[in-house]
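As recorded in Swiss-Prot, the features of this protein are as follows:
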{"type": "ACT_SITE", "residues": "694", "note": "active site, proton donor"}
{"type": "BINDING", "residues": "17, 18, 19, 20, 117, 515, 516, 561, 605", "note": "5-methyltetrahydropteroyltri-L-glutamate binding site"}
{"type": "BINDING", "residues": "431, 432, 433, 484, 599", "note": "L-homocysteine binding site"}
{"type": "BINDING", "residues": "431, 432, 433, 484, 599", "note": "L-methionine binding site"}
{"type": "BINDING", "residues": "641, 643, 665, 726", "note": "Zn(2+) binding site"}
């Protein structure tokens, strides 16, 4: 039985972010739809060929998406909210963009659908909306068209589909409440139709993703898998695909299904290969996810060989990435600025394909010399001076409970803060960043490339900060920000100023739609060699009598949005970052900054997928935040910001952060998130986001007032702040001014109505 290689998916955006540029050009009306579609075809063809040349035997098709793969599945099933539909009932790429962005080059603007994190990753998806009695039909044939493309190019392929049960699990009911699982019988005919079309094309295997099977699902949802897969069986071979955790707790459900193979994540799961081999039906193929799809580290292939070799020849076996390589940068070979030592520790998506090929060849032949050669740099890294810092390790070991306690409780601090700031009712602020204009990005790029000296760069940044302060004062905001003109990314910026991180030139990964991020890589112990944000915060405060917030990214978010080390725990990394940023809080306070925001948008996304593992994570995650913040005096107001969160199941931990003010993303969920704070009787101040910054649509004064009145039904008005959902870096100035003017006007109206 020859072992084959495959990947669960590949990065879509292109090495130079070609997809992002094509999307944004199309949205701006600068290119045609045909030109956009052509870029997609070119990228798919290139990526299939690259994977093939790197040694992948079965290429994934259907992993490409114009926004995200869950939204693609919604269109496949004809699940289009009424507000986004074309007048003639047809579905096209602009339909997709209206759902994701709220607008497109054609059709009427409408509120974008809700967006949230994909399991515990930094990738996002558009949440499917379900209504009672909803009808489904095959309306979007992107998958079939891409299968035809790949077959025409002569590739051996494996189409990829998001499974029906996971799709329903990921959605939300809109309108009259009902059990969305009852829609399963209605979407299965569409899946049957698609599988029949794939069978007609001679497809042997289909990868059907059911990552919900790694969760602690309610019994009714577990019970739904058997009838669903009974309905889908028989047309093609199905590779039931799971990732991000192990499957052992749900293995009884899985082995009862009429599928022909199972993919398991052997990186993030704790499944035992021998037990899986023993319990799976003897005729099933096992796809072993041995190469980490979510990081940038070179794999120890000798270890992977030992992990799987015992079952070679005993059942059909494929070797694969643990999950889609979507979460990894594309190609390490184009990184020219990493020094040789550090570069030897890494592997990006194409190199991971090469790792799979090396592993396949060794498992098929029994020859392991190539694996030992590949793995040698990993042994060297374990002893590198660039990894270990004795002073950091000593400080971490000396942390006490007192280091995570503010001097006094919130009630005492709030009095001191009210006396200091004298803010009006319904105080207005923004979350931190202002539009990153072409001029700002050009300024940073010229400085980075050496085309601009430090003095001219600093003069330019200072002018943009000054303009941001002027804009905010003109708008009438109460608490200002400096706008973050000097920051390329909220995590990358801090990583650049902390020891223990390295950066790539082209290590882009998709976050959502056209948004890409270039995560820093934690290669060693973390420390702060010098103040990071103090100079610009102090300058901004000197321009105004209103308070200006100091802006920090929190330790858990820096951890979650970086590629972490694998040789220490996530807790260790988070607390090292917290200690470094604790010094930053102290320095900001000493410089006269009275309000300091520590953003933790990733706190919830870092949760383990199984609820039984949550407590330990939340304990150290909360402690890291408190270590970061607790150095502040009573009269210093600590804010935190979170987005895409459902809080009801972690409210104890949110309260335990003990932030004086929390701002949250609520507009897309119509203030639903505040129910959690109301039920918990959250004691501190809250800024529910009153408009969606991910959409270019400008909210009306009436819309914002209505949301704030709804918020005041749940939270006492004296504890409410008024702010957008998130930072404004991706927006343009015209819509930013208009939206903030309406937001300030709404707050003024509510003050006058008291």
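Using the three backbone atoms N, Cα and C, a Cβ is placed for every residue, glycine included.
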Can you give me the same-chain residues 6 or more apart in sequence from residue 643 (Zn(2+) binding site) with a CB-CB distance under 8 Å?
601, 664, 665, 689, 725, 726
Tell me, by DSSP, whether residue 19 (5-methyltetrahydropteroyltri-L-glutamate binding site) is helix, strand or coil?
helix
Measuring CA to CA, name the entry from the recorded positions 516, 605, 641, 694 that ends up nearest residue 431 (L-homocysteine binding site).
641
Cβ atoms within 10 Å, counted per site: which of 17, 117, 641 has the most, among these binding-site residues?
641
Nearest of the binding-site residues (17, 19, 484) to residue 641 (Zn(2+) binding site), judged by Cα-Cα distance:
484
For the L-methionine binding residues given in the record (431, 432, 433, 484, 599), what is the largest pairwise C-alpha separation in angstrom?
14
Taking every pair from 17, 18, 19, 20, 117, 515, 516, 561, 605, which the record gives as binding 5-methyltetrahydropteroyltri-L-glutamate, the longest CA to CA distance in angstrom is 28
Quick one: give me the count of other CB atoms within 10 A of the CB of residue 599 (L-homocysteine binding site).
25
Going by C-alpha distance, which of the recorded positions 432, 433, 484, 599, 694 is nearest to residue 17 (5-methyltetrahydropteroyltri-L-glutamate binding site)?
694
So which other residues, same chain and not among 431, 432, 433, 484, 599, have a Cβ within 8 Å of the centroid of the Cβ atoms at the L-homocysteine site?
430, 481, 490, 551, 597, 641, 726, 727, 729
Nearest by Cα to residue 19 (5-methyltetrahydropteroyltri-L-glutamate binding site), of the recorded positions 433, 599, 694, is 694
Once the chains shown are all counted, how many other Cβ atoms turn up within 10 Å of the Cβ of residue 605 (5-methyltetrahydropteroyltri-L-glutamate binding site)?
23
Could you tell me the C-alpha distance between residue 433 (L-homocysteine binding site) and residue 117 (5-methyltetrahydropteroyltri-L-glutamate binding site) in angstrom, no decimals?
21
By a simple count of other Cβ atoms within 10 Å, which of 19, 431, 516, 726, the binding-site residues in the record, is least packed?
516
What are the sequence-distant neighbours of residue 432 (L-homocysteine binding site), meaning same chain, six or more residues apart, C-beta distance under 8 angstroms?
481, 484, 490, 549, 551, 597, 599, 641, 727
Suppose we draw a 10 Å sphere around the Cβ of residue 433 (L-homocysteine binding site). How many other Cβ atoms does it contain, all chains included?
23
Residue 665 (Zn(2+) binding site) CB neighbourhood, other CB atoms within 10 A:
25
How long is the line from the C-alpha of residue 516 (5-methyltetrahydropteroyltri-L-glutamate binding site) to the C-alpha of residue 694 (active site, proton donor), rounded to the nearest angstrom?
14
